[in-house]
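These came from TrEMBL, pasted as-is:
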- Asp147: active site, proton donor/acceptor (ACT_SITE)
- Asn10, Glu385: Mg(2+) binding site (BINDING)
- Lys17, His207, Leu208, Gly209, Asn210, Gly211, Asp282, Cys283, Arg284, Gly331, Ile332, Gly333, Glu334, Asn335: ATP binding site (BINDING)
- Arg90: substrate binding site (BINDING)
- His179: site 'Transition state stabilizer' (SITE)
- Arg240: site 'Transition state stabilizer' (SITE)
Amino acid sequence: MNTQAILVINCGSSSVKFSLIKPTSGETLLSGLAECLLSSEAIITLNIDNGTKQQHKLAAPFNHQTALAVLVEQLEQHHLVDDISAIGHRVVHGGEKYSQPTLVTIEVEQAIKQLAKLAPLHNPANLIGIKACQLAFKNLPQVVVFDTAFHQSMPDKSFMYGLPYSLYKKHAIRRYGFHGTSHYFVATQAAKQLNKPLEQCNFISAHLGNGCSVTAIKAGKSVDTSMGMTPGEGVMMGTRCGDIDSGIIFHLVENLGYSIADVDKLVNKESGLLGVSGLSNDCRTLENAMQNDNHAQATLALTVFCYRIAKTIASYSASLTQLDGLIFTGGIGENSSWVRTEIVNQLSLLNFYLDEEKNQLTRFGVSGNIAKNNARACWVIATNEEWVIAEQSAQLLSKVVQ
Ligand code: ADP
């Protein structure tokens, strides 16, 4: 089939991110975000290829459907509708069932609904996006790409918890990992830098944004990752605490008057950089406070954040027998030279040393190897999950729609 462009949709409970992408080149023809959905503040912002930016307030009922109707209108106005050959959806949880992109069928929709048990905040929202697109783009095939899929190659020693086996067998309680599309994308880009097939490459990739995860990649496949059954596990993040002693939760509930809902809010929304600093979850704000105001808690938050990431990276020496390099991506990984220095300075045992000049220059969309000569490679690579979704959707369609 002739795949001109794929409309990539990432649907949250009150937002829809979209990009119209040419899968072969990654060129974005249109992109944007509908936000504050389900409230009268609902607004859609569109960035058109020629540099134009437009904002439209959405009319009642302010929902995903309304947002997609405006998107279709805009696509028509810019003569882009006929370019779309399919819709590619980002879906957060694919459980053990999905390790590959999949065409949407009634069974797949059912499975995404079932998997909402494991991702109650994300999968239902993703499903709303699929339903809304089925109405808005009636004749187009819809593909789902799962955030967990790349990690399905993990061996059982990585994905099992030290809990009774029956919880895994009966209730699917295990590590799944997230940010899979991003870890996969940056690994393909690093392999290109090495001029080697991905299947011959071993990396550790650190996706550091509001959510953060670190992945060990062996022969091009994920063999361990820091996020778990939910995105809450692993390194410290913007507002999530990451790993803590489970005993703390019992203490909070039994002795400090917390309800389970309070604990949920505490560990997911009030912890991490925000919780430790008492100031902000935004890395830029914390760096400013540390450098300009000598803010002790901001310094502590950033220090703990970096140490925990360095420790996780080092722990993957147990997963790999050879290592081509470390990859930084995500808003913090791509832009904060301070965070990269702080992390890499704690990894000299693995022969990681940064060239500080390169480190300072590799920000704001610039990619490259920032390691010292003779040290192990350390790349900064801007992630592009949308392109992977477009590419994988197009590849799947070329197989099934001849
Ligand atoms: P999300 O997980 O929501 O996609 P992003 O990948 O966009 O998040 O990353 C958001 C984080 O990136 C924020 O903590 C923000 O402070 C950080 N960030 C963005 N630009 C910079 C910068 N120039 N310096 C330091 N941190 C930055």
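Just so it is clear, glycine is given a Cβ too, placed from its N, Cα and C backbone atoms.
What TrEMBL says about a protein is an automatic prediction, not a curated fact.
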Sort out the sequence-distant neighbours of Asp282 (ATP binding site) for me: same chain, 6+ apart, CB within less than 8 Å of its CB, listed by position.
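Residues satisfying the criterion: Gly238, Leu273.
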Tell me, if you would, which residue among Lys17, His179, Arg240, Arg284 (recorded positions) has the fewest other CB atoms within 10 Å in the structure shown?
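If we count Cβ atoms within 10 Å for the recorded positions Lys17, His179, Arg240, Arg284, the smallest count is at Arg284.
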For Asn210 (ATP binding site), just count the other CB atoms lying within 10 A of its CB, please.
16
Do you see any of the recorded positions Asn10, Lys17, His179, Asn210, Glu334, Glu385 whose C-alpha is within 10 Å of Arg240 (site 'Transition state stabilizer'), and which ones?
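If one measures from the Cα of Arg240 (site 'Transition state stabilizer'), the recorded positions that come within 10 Å are Asn210.
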Among the recorded positions Asn10, Asp147, His179, Glu385, whose Cα is within 10 A of the Cα of Lys17 (ATP binding site)?
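Neighbours among recorded positions, in sequence order: Asn10.
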Of Lys17, Arg90, His179, Leu208, Asn210, listed as recorded positions, which ones have a Cβ less than 6 Å away from ligand 1?
Asn210
Can you tell me the three-state DSSP label for Lys17 (ATP binding site)?
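Assignment for Lys17 (ATP binding site) reads strand.
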Rank the recorded positions Asp147, Glu385 by the number of other Cβ atoms within 10 Å of each Cβ, and give the residue at the low end.
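Among the recorded positions Asp147, Glu385, the lowest count of other Cβ atoms within 10 Å belongs to Glu385.
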